[in-house]
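Notes to accompany the following structure.
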């Protein structure tokens, strides 16, 4: 690969990471918006706003290292970018394996946590916001149905005799969108592997170019 190939690879990696940096900014901004306004909850202990802020911040940091490392041809930044992407990829694979192995225990834990949190609905503002957002978003009521509210369901519960519990509705949504979730996950992993490959290739080319120029 000559100097023209090196420049092409450098700018491909730069614009690749620049795009992801802007995506990280958008995710971070949306997460802050949710924290300030009406936060949504993924689980009783996991506000969506917090998750988006953390994910957005990580994407911004990693993409910044990739941008600066490629445009400056800095081997230290490129290797930091490579190592961080590798750690994230390994963490994702580990998390996927753990979720698969402990699926039943996780389902039981989530169900018990949701049932316990219902008792705090009247006394805790964050719990009330969580349940109102979940029930409004999924159009469900309680964990297993309206009976979880002891005959006094909140206003966020939809009306009707066929209202499902939020736990069953969430599982139903996940199973119906499992293919889309899987495709998105695979695409993210492929992009990470490509980013790592580009960074490693560019790092090697910088070494070869330096040797060829006698630096």
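For all residues, glycine too, the Cβ spot is worked out from N, Cα and C.
Among the residue ranges 12-36, 112-136, the one that TrEMBL annotates as transmembrane segment is 12-36. The transmembrane segment annotation in TrEMBL falls on one of the ranges 153-177, 178-202, namely 178-202. Below 8 angstroms of C-beta separation, residues 6, 9-10, 12-13, 16-17, 66, 69-70, 73, 78-79, 81-82, 85-86, 88-89, 92, 96 of the same chain, each at least six residues beyond the ends of the transmembrane segment (178-202), sit close to that stretch. Listed as Cβ neighbours of the transmembrane segment (12-36) (distance under 8 Å, sequence separation of 6 or more from its ends, same chain) are residues 47-60, 62-64, 66-67, 70-71, 81, 195, 198-199, 202. Cα separation, residue 140 (disulfide bond) to residue 157 (disulfide bond), rounded: 6 Å.
Sequence-distant neighbours of residue 141 (disulfide bond) (same chain, six or more apart, CB under 8 Å from its CB) are 135, 148, 149, 153, 157, 158, 163, 164, 165, 166, listed in sequence order. The Cβ neighbour count for residue 157 (disulfide bond), using a 10 Å radius over every protein chain in view, is 22.
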